[in-house]
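Feature list (source: TrEMBL):
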- Gly67, Val70, Asn74, Ser299, Asn331, Leu446, Ser450: Na(+) binding site (BINDING)
- 1-27: region 'Disordered' (REGION)
- 643-675: region 'Disordered' (REGION)
- 59-76: transmembrane segment (TRANSMEM)
- 88-108: transmembrane segment (TRANSMEM)
- 129-161: transmembrane segment (TRANSMEM)
- 216-237: transmembrane segment (TRANSMEM)
- 249-276: transmembrane segment (TRANSMEM)
- 296-313: transmembrane segment (TRANSMEM)
- 325-346: transmembrane segment (TRANSMEM)
- 434-454: transmembrane segment (TRANSMEM)
- 475-500: transmembrane segment (TRANSMEM)
- 506-529: transmembrane segment (TRANSMEM)
- 550-573: transmembrane segment (TRANSMEM)
- 593-618: transmembrane segment (TRANSMEM)
Amino acid sequence: MAAKAEPIGPRNGHELAPLNTRADGSERPHGVTIVLQGSRNSLQRDAPEEDRAAWSGKLQFFLSIIGYSVGLGNIWRFPYLCQQNGGGAFLIPFFIMLILEGIPLFLIEMAIGQKMRLGSLGVWNTIHPWLGGIGIASCVVTLFVALYYNVIITWVFFYLFNSIRLSADQLPWAHCPQDNGTAEAECTKASATVYYWYREALDASPSIEEPGAPRWWIVLYLLLAWIIVFFIVMKGIQSSGKVVYFTSLFPYVVLTIFFVRGITLPGSADGIIHMYKPKLHKLLDPTVWLDAATQVFYSFGLAFGSLIAFGSYNTPNNNCVRDVLLVSVCNALTAIYASVVIFSILGFKAYTMVEKCITKEIKVLAMHHIGGFMLNSTQEYYEEQYPNLPNNVTSALNLTGCAMSKQLDEAAEGTGLAFIVFTQAILKLTPAPFWSIIFFLMLLSLGLGSQIGIMEGMLCTIFDIDFFKRFSKPVITGFVCTICFFVGLIFTTGAGEYWLKMFDSFAGTIGLVVIALLEMIAVIYIYGHEKFSNDIYEMTGYRPGLYWQITWRYVGPFIVSCILLSSLIFMLLNPPTYGAWNAAEGRVEKTPYPSWVLGIAVAMILAGVLPIPVVLLLRRFQCLALDVDIHQGSIRRIETTVSTKEMMSDQDSSDSEQTPRTTDRFEDSSSSDEEILNAKYSTGTGIRLAMKPINYNPNTFKMDVVD
């Protein structure tokens, strides 16, 4: 049974608390409480002041979490999954997985960060030194994701600036090039929007093995993207916290504008009905439930370390349970709302495509004098007579039937939905440049909101490492952004989209799921579910009940394990492929990755997982020492580990009454800081501890056993 943490009252600033017993003789959990204030040259005797960055207000925190968790996946992934997995029926497994998997793991990350007020690395080191690799693994995976996520922002910038036109005809993807050459022929075989994406925006190469030189225009936009990200996150939440008011709220403004316009367009109702019409038989397909669980996992941005970092900036008495529930509901409703908006516009696009198709087929039937069709035949007449036409006639004339369902079934997701399908739909709206500009501004704000959270999770972990504490935040942030820019140049070549697809498929999948599973095990089974529940009770006044205990201890780990196993099995049974652009055919062809690219993919997976066992083994065999950080102005409780338990186990309960106060020698305000720092503390058991600076850092110290 985990004991409730004892509140720590004001002390003199330098004190080693009783180790095993309280003053009344009752049992105390094995642990050491260390209180330190001030710097080496200005140690304070008054109450400690918190030095960790904090949110300026509740709204800033809430918008930061919303901006991070509500990302591009809500726009271009969730609608596709709904369409492919049973329409409205997909909402059933989605909400079930949200309740059983997403919300419990979300609370674990938020609450543990708020309790310990540390980044990902510090949290797992504090729970147990052997678990420090989880924080490093999380940082590595986050780095991989940050590399390619900013490339998506780069493409959004390209389309955004090319949307600044006066009319729809002037939009560069509105027409095929008129050169009477190969470019026009290639565009005719595909479409204007498809050609513009692969030829003008990306200048795609035939395969990943023929990347070519970096495309200068993408390099410039990538540089712009990283410069903007740097200025947003260079001072942590002090700088990024101001930007979230735009990145979090603006997408809802744009979605509402599109919604109001979309529902007034012809065909919008057909698009919405097509998407949400329940297909209950799909619920018998296990892959539907797996897709729902996977979507919930990634939509929250779990295991990146970002939620832990955001939680650590909260005050200790913040109601994190309420925050988690509010953000979860907001995330789910945003995905549903965005799906309605997207498919209302796609319904209108399908309507215009059907009209164009019917006009073309009426002309063909009239020219062949079939079925009484004439050039002025109406759409109603076509819909009435077409089912009566013989199959051999329709096949001979290459007639398709021009049905709305066929148009809406042409599903697209990801970049295909944003840069091809939706840009084609925008051409039908008036004025098209306006709708294009606000659409890509919405994607930009969503992308930046998520990128801010990703970078914050990674940088918070880096700032927890002693070596980097000697540098300022802007310096570290600038160095990381510079490295990411140069590594990201691989995405600016003709094979850039192929590399992005590979990173998306491997870098942020297996590693994140493994980290999430170990996070649940670490908090619930190593830190202790009862102790964690007590922590939440102390912070919020709410004690987690049966629902939380069952999902934390059993259901959540089971679902995450299923995601991990199914992902591994899927990778083994289905050799990964990418969509290579075939210029001669004007279409995308599925192409298997070369073996050397798969080798890089495996290396990325291992880089995101191996730090966990490596750190465990190094610390198990004492090859890697763990220094306990004591930050300026903070009160931190360091729980007993294998390295301290033996030292403390000899403490007898009666010693607490006989142990002299170690702070008596410092009661006199005339004691110098050097005397305090170099003093040797007696624990009352014959063991003396010395406090020494770490790496010559005047604000960070460790306790060493002297004898």
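A Cβ is built for glycine as well, from the same backbone N, Cα and C atoms used for every other residue.
TrEMBL labels come from automatic prediction, so no person has curated them.
Quick caveat, the model's predicted, so the values are computed rather than measured.
Overlay of TrEMBL annotations on the structure.
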residue	record	contacts (Cβ under 8 Å, 6+ apart)
Gly67	Na(+) binding site	Val244, Thr247, Ser248, Gly449, Ser450, Ile452, Gly453
Val70	Na(+) binding site	Ser248, Pro251, Cys330, Asn331, Thr334, Leu446, Gly449
Asn74	Na(+) binding site	Ser299, Asn331, Thr334, Ala335, Ala338, Leu446
Looking at the stretches 59-76, 249-276, 296-313, 475-500, which one shares the most CB pairs under 8 Å with the transmembrane segment (216-237)?
475-500
Stretch with greatest number of CB pairs under 8 Å, the transmembrane segment (59-76) reference, 129-161, 434-454, 475-500, 550-573, 593-618 candidates
434-454
Can you tell me which parts of the same chain pack against the transmembrane segment (475-500), counting only residues 6+ beyond its ends and a CB-CB cutoff under 8 A?
143, 146-148, 150-152, 154, 202-205, 207-215, 218-219, 222-223, 226-227, 229-230, 233-234, 415, 455, 458-459, 462-463, 468, 578-580
Non-local residues, at least 6 beyond the ends, that sit with Cβ under 8 Å of the transmembrane segment (506-529)
2, 105, 108-109, 112, 124, 127-128, 131, 134, 137-138, 140-141, 144-145, 147-148, 297-298, 302-304, 549, 552-553, 556-557, 560-561, 563-564, 567-568, 576, 601-602, 604-605, 608-609, 612
Which range out of 88-108, 296-313, 434-454, 550-573, 593-618 gives the transmembrane segment (325-346) the most CB pairs under 8 Å?
88-108
Dominant neighbour of the transmembrane segment (249-276) in 88-108, 129-161, 434-454, 593-618, by Cβ pairs under 8 Å:
434-454
Looking at the transmembrane segment (129-161) and the transmembrane segment (550-573), are there 3+ C-beta pairs under 8 A, with each pair at least 6 apart in sequence?
no
Go through Ser299, Asn331, Ser450, our binding-site residues, and report the one whose Cβ sees the most other Cβ atoms within 10 Å.
Ser450
Given a Cβ distance threshold of under 8 angstroms, which distant residues of the chain, six or more beyond its ends, lie next to the transmembrane segment (550-573)?
97, 99-101, 103-105, 108, 290, 293-294, 297, 509-510, 513-514, 516-517, 520-521, 523-525, 529, 532, 544
With the Na(+) site defined by Gly67, Val70, Asn74, Ser299, Asn331, Leu446, Ser450, which remaining residues of that chain have Cβ atoms positioned within 8 Å of the Cβ centroid?
Ile66, Tyr68, Ser69, Gly71, Leu72, Gly73, Gly301, Thr334, Gly449
What count of other C-beta atoms do you get within 10 angstroms of the C-beta of Leu446 (Na(+) binding site), across all chains shown?
27
